[in-house]
Every structure is written in C-alpha cells, then in structure tokens.
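All remarks here apply to the structure that follows.
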Amino acid sequence: MKLIEAIDNNNLKEVIRIIRSDNINLESINDEDDLSPLHHAVSRGYKEIVISMLEHGADVNLCNDEVCSPLHIAIKNDNVEMVQLLIDNGADTDCCNNTIHGTPLQCAILNENYRITDALLESGADTHEIYTKNHPIIEAIKLDNLPLVRLLLRHGADVNTFDPLYGYPIHLAIRYGNIDIIKELLYHGVIESYSLYPSLLHQSIMCNNKEVVLLLISMGFDVNAKDNEGNTPMHLAVQKNLVGIVKILLDKGADTSIINNLSVTCLRSCYVYGNNSTEILQLLISRIVINKYANIPCRSIAGMNYNWSLIESNQKTNSYKLECEKEILKMLDVKIGSRSLFDIYLNKIESNMLLRLYNKVTLPEFIIYKDIIINAVYTAKERESLISKSFTVLEDTISNDTIDNLWKNIPIEVKYMILRYLGKDDLYNIVNSV
C-alpha cells in the first residue's frame, strides 16, 4: 500500500499527496498487520504525519480488530509525546472494548511508565471503573510499584475498591509484603475491617510476614482482635506454627486467655492442631505463668483458668511451669532497695535502675525469661543514650544569658532527673533539634 510505504519512509509530503489525490479511506484496516494508517504512523512515532492525518479526518479513537486504539499503541511504545499529542486531539483516555488491552491507564500501569500514567490521569482517566479484570490500583500493587500507587491515590483512586480475584487493595499489598504501599493505603483511609474478610493483622499472619505484623501493631491495630470464628491473631499464629510471630504477639501484649467460638484458647490450639513445636508450647506457658504472678488483667477468667488447669494436668507442662516459677523467684530475689528484676516485666523501673540491677544478674541462670531481660536491658540502654545525648545538646545549645545562667545553676543530677521525666519522642526531638 503506497500510503503505508510513505509512512514507513517518514515522507510527509508524499503522505499528504496520497491522501488528497487517491481519496484514501483513513479508517481502513490493513489485513496483514491489522493496523489503520493512523495506527501505523503512531507505531512509527512520526508526529508530523500523525498530525497531518488527524487534520485530514483520521479517527483518533479508531480501534483495530484487537480493539487497540492509537493511544494504546503509543503507550505500549512508551512514547510520552505521542500520547500527549493524541490526548490533545481528543483521544479517549478510557477507551476499552475488550479484556485483552484494558484501558489506556491500565496499559500505562502495566508498562510501569510513570510519565504516561501521569499524563492520562491529568487528562481525566478514570481510576475507579473496572473495564477489564483489574482495577488500576490493583495492577500497580501487583507490580509492587510504590510511585504508581502514590500517583493513583493522589488522583483519587479508591483504596476500598473490591476486586473479585484479588480482594481489597490492602489485602493484596499485605500478601506482597510491601511496607511502604501498606502505609500509603492506610494513610488514605483504608477500612480496618471488611465483612467476610479477616482483619488486616490476621491477614498479615496468614502471610507469615513479621514486618507487616509489627507495622500494623505499631499503628494501633488490636493485637487481640477476633475474626469471624473468634480466633485472635495468636490463635492463628499458633495454628500455623509461626514461632517468630508468636513471640512478637506475646511481646506486644497478646492475651492468651481469649477463647474462640469453639471455646478454645491459643494454648489449647497446640493440642487441637497437633502440629506445633515444643517451643511454641513453652512460649505460651512461660507467658501465662509470669502474667499470673504479675497479676496482668486478662479478658477471659474462664480462659485463664482453663489454661492453668491444662498446664497442671500434664506432667511435662506442669514441670515446665515449675521451672518458670523458679526463674520468677530468682528475678524477685535480685533487688536494689524496693525494686527487683521482676519489675522490668511490669515496666515499673527506671532505665538507670534497671541497668544497675542487671549488673547483679548472672544471665545464664535465666533460660526461660532471658529474652525478656535482654530486651528490657536493650531498651534501657537506648533510653540512657537518648538522655545523655539530650543533656549534651541542651548544654551546648542554650545561649540566652538569663536561661543559660538558670540552666548552669541547676545541679547535674537534677538536670538528668528532669530529662528522665521526658518520653522517648520528646528526647528524640531534643537530639534531632540540632
């Protein structure tokens, strides 16, 4: 075909001459390549020829037999300028007649082309409607592409839209484990609980993603939330034999007394499912025992009593309970004044006092509760470091004469006492102020 040959040669004059003299139908589709002349020119990236053809009446939204528009072709070729040219000449940014190519927006997202996606969105491309099988926000999450997710959210993509195959965007992001995308979705108003779907914390445990579990707990998600079967995150972690997540949940205050709809506690789950390690069983028992000694409130008295009877009814678990009690008594024996090492579990002891107590500890004597002690010591050292740095910052930066004289006249011990009243965030603010 002469016109196609002229386009291939980028011969604008010949293209114009053929169109005018041969009375060419610009909407005809070539049987060999399934392209119209405009499709062909766009695929070649010849802007001047495309402009001329549009001026001569070529349909900017003409679709070939595969239902692919010129805009789709420009997007697949990552040709930003051509995309903008077609949009400026009336290209439909939501054009889609089948499930193969999707909308131009979906096509741009699949190509992971940020600039083209931005151009389409600025021109009003629809972020909500699902013309094919996936929403644009779902596609961006599947690609693990944070910039595209942010771009879509900025243009109003619905974070609570439902996809029949992938569910809600937040559930998909949790399955993929992208922390930054999860944060973005939560920031933009994700509903924390969907009917017929597990809570976000349950979902993260089902995916065995410790980082996501920690993120959600840090953002205030209830560590003791129940799913439709009454299972808490701890029930689920025990059932799935996830030792690391069991440790996290215990450290974050998971209540082992809660019973599910079948009146089963998480401890009982160890026996019901029969696939759990001795480590999980001992983790639960050790926490149940220390919580009882510390008088930690629980949500279910019946569940607590059931756990206790379950432990004492078995020789091995009862023997382990006695070992736990021995270590607790050792912690109570390590004292300075009225404070004991056991107080670290209740968070009733200042960091400097805790470190003094730790100097009296023979750590190998504590096998069961060693991690609790080590974690408390780490936190105490971190806090002492913050206090020390805050003191240095204040000493170096207070310059006003009146304030300076007042500060210098305060005894060092009192200055440190003042700093000890501050929370972690306040101390960080002081340290980061210079």
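Using the three backbone atoms N, Cα and C, a Cβ is placed for every residue, glycine included.
Because the structure is a prediction, the values reported are computed rather than measured.
Lifted from Swiss-Prot, the feature list:
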- 33-62: repeat 'ANK 1' (REPEAT)
- 66-95: repeat 'ANK 2' (REPEAT)
- 101-131: repeat 'ANK 3' (REPEAT)
- 132-161: repeat 'ANK 4' (REPEAT)
- 165-195: repeat 'ANK 5' (REPEAT)
- 196-225: repeat 'ANK 6' (REPEAT)
- 229-258: repeat 'ANK 7' (REPEAT)
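Contact between the repeat 'ANK 3' (101-131) and the repeat 'ANK 2' (66-95) is present: at least three CB pairs lie under 8 Å, with pairs separated by 6 or more positions in sequence. Within the chain carrying the repeat 'ANK 4' (132-161), a Cβ under 8 angstroms from the stretch's Cβ atoms is held by residues 96, 98-99, 102-103, 105-106, 109-110, 112, 114, 117-118, 121, 168-170, 172-173, 176, 178, 180-181, 184-185, 188-191, all 6 or more beyond its ends.
Sequence-distant contacts of the repeat 'ANK 7' (229-258) (same chain, six or more residues past either end, CB-CB distance under 8 Å): 199, 201-202, 205-206, 208, 210, 213-214, 217, 223, 264-267, 269-270, 273, 275-277, 279-280, 283-284, 287-288, 291, 298-304, 307, 371, 375. Long-range contacts of the repeat 'ANK 5' (165-195) within its own chain (CB-CB distance under 8 A, at least 6 residues past either end) are made by residues 133-135, 137-138, 141-142, 144, 146, 149-150, 153, 159, 203-204, 207, 209, 211-212, 215, 219, 221.
Break the repeat 'ANK 1' (33-62) down by DSSP state and the numbers are 17 helix, 0 strand, 13 coil.
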